[in-house]
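Peer 1: To start, I am sharing the structure in question, which I have written as structure tokens.
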Amino acid sequence: MSTSNTKSPSREDLDDTRRIALEEIDNAKFGWFHVRTCLVAGIGFFTDAYDLFSINLVSAILGYTYFSSINANEVPADIDSGLKTSAAIGTMFGQLIFGWMADSFGRKKMYGIELMIIIITTIGSALSPKNLSVNLYTIIIIWRLILGLGIGGDYPLSAIITSEFASKKRRGAMMASVFAMQGFGILAAGVVSLVTLMAFRSLILSNTQNLDYVWRIIIGVGIIPAIIALYFRLTIPETPRYTIDVQGNVDKAAHNIKLALEQGKYIKKDEIDSEYRIVIQKATWKDFIHHFGQWENGKILLGTSVTWFAHDVAYYGVGLNNAIILEAIGFSKTQDAYQSLYNISVGNIVITLMGTIPGYWVTVFLVDSLGRKYIQLQGFAILTILFIIMGFGYKEIISKSIPLFIVLYSLSQFFQNFGPNATTFIVPGEVFPTRYRSTGHGISAATGKLGAIMSQFVFLQLKDIGGKNQSVNHLFKFFGLFTFIGFLFTLLIPETKGFSLEELSNENQKIPIKSKGDDNNSKDIIISSIRKSRAWYEDDDDDFSDDTS
């Protein structure tokens, strides 16, 4: 369509269209499209948690399979550390890379690529050969490092897609329900381990080398949910907020919102395009520094990053070492490999059912009424108290009542999930402007994974000071220190309950318009931040300058 035959819409027309479109999302009734979005994103998190936490059980199995005669049925500390931290290292880089790419190229273009990585690397891990040139553990560690890239990509992508499609009233519950699928993934790892052990019981009792089949099956099962979710991720639409606030196409976003809410699904052939686009502040390094260089914006990124870091020190330090903690309190010690691994699997299932899953779903039901900040503060506070009790009273408690210790330990799992484990995921998906929302979430999540990596090295290096598992009590004190730090830095983040993403972004934009083919070099002023700093627009391919004249 020629621009000469079409009346240019006024700024007010497109501003009204943009406002109405965003209000439609914010005020939409909860429907099938929302359920579908949660399921598509949630299956990915189920897979992520299964892959991350199954290594806890696999490492114990590898000890009996390959180290029965040379290291008392235990994987050496350096190999155990590599197995448990490799995926976390990959995840950290995946969160940063995919976070940036989703803001640069779009959520839709990136969604699904992370699952392809997970599927390929899971198959590679399960089929890792034992040969003379490269040992088995090195091969698994390399595969898990690449696996982590895919898992890392899932964090910002699933969080932002869910956030940008959600209604204002139920945004917290939708994001929490996606994240809560981690609980079922952790449970599934324990159940698959238990079922596989029982299926191979006779073979294991006759020869522990048959455990080689067990750990490969446990890892390989992780591809099933990933394959199920892949098609739906590849066909999900671009989020309306990205279409409006980054691509500048208001009419297309409004049309797609109407289709999605009315029909409950995305129909690509019914998409429309618009000849006119709004002029938006582009994401540039200079603008990024300018935006987060202002304390009211920078303190939020600092808060989301440090709280996630502090939480992951405790969460992964405990979660990835359930088997070690269960052994330390005498829950899994027996004379034979089968019974020990059986007890570890059952112990993980019990802890997950008692604390992990309930904590996730209490958050889902209460996050939009109590608020994110309240849940995070009370979670960090209670965790600090629990870790202090378990740290200073560890030896006395386990000598008198192992069930009491398991209750305290399960409570810590509950308040991690009805607390900072869920909210550190939710808040970064809400508080940044659209052009940096995925990047901000990726930075926050990657900082958290840095805490997880550090925690693994500290845990595995310090737990045996004074003898095997003799310093586990001091590690609980260490975790308590970091949960207290998380409590303090939570004070930097805003309460996001009841606010739209636009209200939380700290930006107040006016929207000049321009035809896609317009070569007019006239300059339009953009109000680009809460401080109303001005930037000049030249054309669709130029960055914003610092001109303030």
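Including glycine, each Cβ sits where the backbone N, Cα and C put it.
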Peer 1: Do you know which of 38-61, 134-157 TrEMBL annotates as transmembrane segment?
Peer 2: 134-157
Peer 1: Sequence-remote contacts (6 or more beyond its ends) of the transmembrane segment (474-493), Cβ cut-off under 8 Å?
Peer 2: 299-300, 302-304, 306-307, 310-311, 313-314, 317-318, 372-373, 376-377, 380-381, 383-384, 386-388, 390-392, 394, 420, 427, 431, 451, 458-459, 462-463, 465
Peer 1: Sort out for me which stretch, of 110-128, 178-201, 374-394, has the most Cβ pairs below 8 angstroms to the transmembrane segment (213-232).
Peer 2: 110-128
Peer 1: Mean pLDDT over the domain 'Major facilitator superfamily (MFS) profile' (37-498): what is the value?
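Peer 2: Mean per-residue confidence for the domain 'Major facilitator superfamily (MFS) profile' (37-498): 86 out of 100.
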Peer 1: Are there residues at least 6 beyond the ends of the transmembrane segment (341-362) whose Cβ is under 8 Å from a Cβ of it, and what are they?
Peer 2: 56-57, 60-61, 64, 176, 179-180, 182-184, 186-187, 189-191, 193-194, 197-198, 211, 322-323, 326-327, 331-332, 334, 406-407, 409-419, 421-422
